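Trainee: Input: one structure, supplied below.
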Amino acid sequence: MNGFTAFLRKELLEHVRNYKVLILLSVSAIFGMMSPLTAKMMPDILANVKVEGMVLKVPEPTFIDAFVQFFNNFSQMGMAILLLVFGGLLSQDLAKGTLIIPLSKGLSRYTVILAKYAAALILWTLSYVLAITIHYGYTLYLFKPISVGHLFFSLFCLWLFGAFLLAVLLMASVITRGTYGGLFVTAAGLGILLICQTIFRMDTFNPLKLVSENVALLTGKAEFDQLLNIAWITGALILAALILAMAVFKKKSI
Amino acid sequence: MTHISDYLPFLIPIIALELILALSALIHILRHRSFRFGNMFIWIIIVLFFQIIGPIIYFTIGRGEDE
């Protein structure tokens, strides 16, 4: 696997030079710090917005509220930023033709796909772990900790969804042409998943559940078994997306 | 009831990180001056006035090639 490590190192170096590392790490740190603070300050913020003839009763924010903010931030803004940052993951290389030389020197096409996915996954994992660490530290300091169920699994679900998005993005960039084709296809795919969830109520296997049920998991309102199934399905989908990407990329003319 | 200023020690690192993002984008704009679309003034305004999301959009889709 010498080609793999070399290409992986080149990818990671490129992420540093393209400011991807800077953006992801700083945004994660900001989210990690902001979420518990927003939860803590919410009563004060609402108290400043006084509406005539209306009494706002805001319950004292709790440990759980900090996680509500965290999951809100990450499942919406976080995922959008992840897509934006990795939008040109493969398509930019294809458009510029930078892959021609390493491929003609004997680098396997499978290696390209796997190394690109691994590099993106490493970066996403790093920034997510950073966000969780900061968030957890702040939350412990600002709130009284209570025991919540399935905290680790709940956080893992969000990570898995990020990994799923990256795999779909990679597959979509292989299939489409142009610099932003993959981004559009992934956004369209997310839209379809959203429609499946809201209109057709296809809950039993929809990966979107991984990012919509996190808080319910913490409070014990969600079914753990169903989410575990979805997590397995999502894992299988990630594998399928990667295999499909490798199969199509082998046939693709560069 | 607590005051917003009580949270200042917590807010400073957030503001600092946002400033780092905005400043690194600003420096990049001033040193490269090549964009995929738009001109320098539009990007400076976007980067400085849209916190967090402005610099991200610049680095991901606004930035020109490095050559």
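Including glycine, each Cβ sits where the backbone N, Cα and C put it.
According to TrEMBL, the protein carries these features:
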TRANSMEM  A:21-39  transmembrane segment
TRANSMEM  A:74-91  transmembrane segment
TRANSMEM  A:112-138  transmembrane segment
TRANSMEM  A:150-172  transmembrane segment
TRANSMEM  A:179-200  transmembrane segment
TRANSMEM  A:230-249  transmembrane segment
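So where do these features actually land, and what's packed around them?
Mentor: Remote same-chain residues near the transmembrane segment (A:74-91) are listed as 20, 23-24, 27-28, 31, 113, 116, 120, 124, 128, 131, 158, 161-162, 165-166, 169-170, 173-174, 176-183, 186-187, 211-212, 214 (criterion: CB distance under 8 Å, separation of at least six residues from the stretch ends).
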Trainee: What residues elsewhere in the chain lie close to the transmembrane segment (A:150-172), defined as a C-beta under 8 angstroms and at least 6 residues from its ends?
Mentor: 67, 71, 74-75, 78-79, 82-83, 86-87, 89-90, 113, 116-117, 120-121, 124-125, 128, 132, 181-183, 185-186, 189-190, 207-208, 210-211, 213-215, 217-218, 220, 224, 227-228, 231, 234-235, 237-238, 241-242, 244-245, 248
Trainee: So which residues does the transmembrane segment (A:179-200) touch in its own chain, when a touch means Cβ under 8 Å and the partner is 6 or more beyond its ends?
Mentor: 83-84, 87-92, 95, 165, 168-170, 172-173, 206-209, 212
